[in-house]
Amino acid sequence: MQEYFLLFIGAMFVNNIVLAQYLGNCPFIGTSKDTGVALGMGAAVVFVATLAAAFTWLVQEYVLAPFGLDFLQTLAFILVIAALVQFVEMFLKKMVPPLYKSLGIFLPLITTNCAVMGIALICQREEFGFVKTVLFSFASGLGFMLALVLLAGIREKLAVRRLPIAMRGTPIGLIMAGLMSLAFFAFKGMI
Amino acid sequence: MILTSGLTLFGIGLLAAAILGIASKLLYVKEDPRIALIENSLPGANCGGCGYAGCSGAATAIVAGIAPASVCLVADAETSAVVAAIMGQEVVQREPELAVRDCTGGLRATDLFHYEGALDCRAAHLLYGGSKSCPEGCLGLGSCMRACPFDAIHMGPEGLPVIDSTLCKACGNCVDACPRGVIGVSGMSARLLHLNQTTDCLAPCRQKCPAQINIPRYIEQIKAGDYDGAVMTIKERNPLLVTCGRVCPRPCETVCRRQYVDETVGINMLKRFVADRELRSGVHLPVPCAADTGKRVAVIGGGPAGLSCAYFLRRLGHSPTIFDAMPALGGQTRYGIPEYRLPKADLDWEIQGILDLGVEAKLNTRFGRDFTLESLRADGFDAVFIGIGAWQASGMYAEGEDLDGVMGGIEFLTAHALGQKPETGNKVIVVGGGNTAIDAARTCVRLGADVTLMYRRTRNEMPADVEEIVGAEDEGVQFKFLAAPARVIGDENGKATHLEYYEMELGEPDESGRRRPVKKEGSEQRMEATLIIPAIGQKPDLGCLYDDNEEGTCPLETTRWQTIVADPDTFETAIPGVFTAGDVYTGPDLVISAIGDGRKAARSIHYYMTEAAIPVPETTQKGMIPYTLFKEIDSVERKKRAVLPHLCHGEERNCTFNEVEGPLDEQQALAEADRCLRCGLVCYDRDEPFLAEERETTPDS
């Protein structure tokens, strides 16, 4: 049990997908201007990352590994994630329209989100079992959401402060992301 | 290996495609084909000005029925027609709307803003609660400017947003961005229907004006030389500006902040200046009216309340018909105000301007005799407005007042206005201290009589305007203060010959704050009179409401002052669809009050006919807003108030009915307009030198 707990905490804080692994920086900067938007994007990533990791684990385990085609991992995962996102979009649109509406534009955006791809690939590199893969990807998604919401909060406050024009917007966002990244290094000692 | 790899990837792809293909068949969501059609018809600017996320969002909203076919702000009318055709709708011309800034500024007030670095209005408002003293005014940080997708707003040299009407699309983004409600989007109808709100930027004069005229705005326009603009600003609240420019007792000036520096701004002089300019041009400025609604309203009474009500109803697109018992419209402005104060030709010209908008008038038609509420309903009128005024003179409660040679003030003035040449003789006694008494006295002077005005208190307590009292003194009216009529004495023919009166002295103050006059016992004296005019008060003559029913019951609830009871906010009487305002509702009051209430009643009638419910916002301004009333005004130079020129002098003045006072000339008007402090709720203009000093000392502000 402790192993799973540590895996969860580790994925969320110590090896945070954005702030420690530096993956998914474009949506991190692009959708962190408003906490509401950040929450929507975070939720979409949690949802898709968990499903994608689970499916790619199955593809790796039952298609690629038995035929010795591990080198096709990246290509195959891109295919699987893209198809999965499309499927999820269709499914939600038909079956859960309110959730589909609330996720809005973020759902198709995730197709090209390297954080989702990265989570799936890390699970393979670490040779996790299915349960650990699901847990890790869920925790990583939460870690992404946490970082996104925190940065959005900071940027909302920054938007109304007196700043040099050259620093406004993305530059100060990147600086803040860097500072947050340094702060998250403090979690390194935890595990 | 290559073959295996290719086949594997192809297989995974094929499987994914097959799954997606089956899924798309099973999970297909039917989308309205009109959405795509509409989206293709829109210009594809994706500006978001419509309030929806891009053209796709707007198209979805149109099909969902949330947005109208004209929602796109950058598209032309043709596009709206195409979209409407797709939706099977009809295109109706919409009244043009514009963003309007309702804050006069206060750049030179000491309390502009100090925000510790915050650069956005919303931030200043939310983070610090706004440290500016004015709780409503513009913060001047330009959030509205940044919110405007059409670059229609820029910050003017005074730190206030300036709206470019040619670029404004009335999208409302600036309204959403402004945390203080300083900017609003409105069209003509919305402006006509707007009642003063405590959240508006209301200078004291604007709060006090019964008609809610935007006084600072029209003075500002005069200052800028935009005289026609000033006329139109006044006409948004008052169609009788020539009349009011002459006879208004100017409640606005009693609260003018300038009085704490030197003298109040001559607000009414300025109104008269622009009104007379239009009058002299001989051409009425075009007044816009909304598209016809086909609703018909019967306006009973063609006095200031009825004329105002009809004018505003017409501007809102309705079709009012005025019914008046007299041979000409104008009510007491025509029959109660003498020619020397308000020439009839000028009044006629002004009323013609209202009729020219499409208001119908039926004269010599008396309510209760020629028509009734029921007959109006039967004739298809959607609503009725009763503004029949207060035409009955109150008695003196003195013995013998029904003798020949005693004539009520309003009756005398009406008879004179109708050209009936009432017999005055050479010795007239007018009893009373109000404007009607003075009007009657000054009229009798012009008819060649010796006039004595008898009032039971002293000159200081007279309710008449000071200018009128001075005018009467100048023209030779004798005053007998501290005297009250006891009885009228007549000769054997029943003709009044003398008025017996008591001498009075002032006792304790009564509920009106004036000292109550007390009779001196045994002080009776007699004064000779050929005509006695009691001008003590007026009350509505409700006989007309009683029809011919013998029981004498009134279909409307009335008060003991013979006024009609109505809702004080909506002016609706107990009978749905019947509204009232003016003297018949308030009792004798000012012309400007009747005009203001006439508009409020028109507003209620409009909502009654179009939406059934009449909205009355909670923040509607009723009394003066306490924190706007200052007692000290700093850093303002003293400047002399203009004086209206006298048009006739000496002997000529007492024997003709020519107008006594004339308008200001342009130079005087500009100088007077320049005295206006351009007040807001708490801000006002200080003079330039002081401002320069302040800028040096407070660079942050």
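Cβ coordinates are placed from backbone N, Cα and C, and glycine is handled just like the others.
Over in TrEMBL, the protein carries these features:
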type	residues	note
REGION	B:1-24	region 'Hydrophobic'
DOMAIN	B:30-89	domain '4Fe-4S'
BINDING	B:CYS47, B:CYS50, B:CYS55, B:CYS72	[4Fe-4S] cluster 1 binding site
DOMAIN	B:129-158	domain '4Fe-4S ferredoxin-type'
BINDING	B:CYS134, B:CYS138, B:CYS144, B:CYS178	[4Fe-4S] cluster 2 binding site
BINDING	B:CYS148, B:CYS168, B:CYS171, B:CYS174	[4Fe-4S] cluster 3 binding site
DOMAIN	B:159-188	domain '4Fe-4S ferredoxin-type'
Positions whose Cβ lies under 8 angstroms from the domain '4Fe-4S ferredoxin-type' (B:159-188), at least six residues beyond its ends: 49-51, 73-74, 95-103, 105, 107, 112, 121-122, 125-126, 130, 136-140, 142-153, 194, 199, 201, 288, 290, 315
B:CYS138, B:CYS148, B:CYS171 as binding-site residues, winner by CB count within 10 A: B:CYS138
Packing count at B:CYS168 ([4Fe-4S] cluster 3 binding site) (other Cβ atoms within 10 Å of its Cβ): 21
Of B:CYS47, B:CYS50, B:CYS72, i.e. the binding-site residues, those within 10 Å of B:CYS171 ([4Fe-4S] cluster 3 binding site) when Cα atoms are compared: B:CYS50, B:CYS72
CB-centroid shell, 8 A cutoff, [4Fe-4S] cluster 3 site B:CYS148, B:CYS168, B:CYS171, B:CYS174, site residues removed: B:GLY49, B:ALA99, B:CYS144, B:ALA147, B:PRO149, B:PHE150, B:ALA152, B:ILE153, B:ILE163, B:LYS169, B:ALA170, B:GLY172, B:ASN173, B:VAL185
Other same-chain residues whose Cβ falls within 8 Å of the Cβ centroid of B:CYS47, B:CYS50, B:CYS55, B:CYS72, the recorded [4Fe-4S] cluster 1 site, in sequence order: B:LEU42, B:PRO43, B:ALA45, B:ASN46, B:GLY48, B:GLY49, B:TYR52, B:GLY54, B:ALA58, B:VAL71, B:LEU73, B:VAL74, B:ALA75
Rounded Cα separation (Å) that holds between B:CYS138 ([4Fe-4S] cluster 2 binding site) and B:CYS72 ([4Fe-4S] cluster 1 binding site): 29
Close in space, distant in sequence - B:CYS72 ([4Fe-4S] cluster 1 binding site), Cβ under 8 Å, 6 or more apart: B:LEU42, B:PRO43, B:CYS50, B:CYS55, B:ALA58, B:THR79, B:SER80, B:VAL83
Fewest-neighbour residue among binding-site residues, criterion Cβ within 10 Å, set B:CYS174, B:CYS178: B:CYS178
Cβ neighbour count within 10 Å of B:CYS50 ([4Fe-4S] cluster 1 binding site): 25
Per-state residue totals over the region 'Hydrophobic' (B:1-24) - DSSP helix, strand, coil: 23 helix, 0 strand, 1 coil
Cα proximity to B:CYS178 ([4Fe-4S] cluster 2 binding site), best match among binding-site residues B:CYS47, B:CYS148, B:CYS168: B:CYS148
Cα separation, B:CYS47 ([4Fe-4S] cluster 1 binding site) to B:CYS148 ([4Fe-4S] cluster 3 binding site) (Å, whole number): 11
Cβ packing number for B:CYS55 ([4Fe-4S] cluster 1 binding site), 10 Å threshold: 23
Fewest other Cβ within 10 angstroms of its own Cβ, chosen from the binding-site residues B:CYS47, B:CYS144: B:CYS47
Secondary structure at B:CYS144 ([4Fe-4S] cluster 2 binding site), reduced by DSSP to three states: helix
Candidates B:CYS47, B:CYS168, B:CYS174, namely the binding-site residues, that fall within 10 Å of B:CYS144 ([4Fe-4S] cluster 2 binding site) by Cα distance: B:CYS174
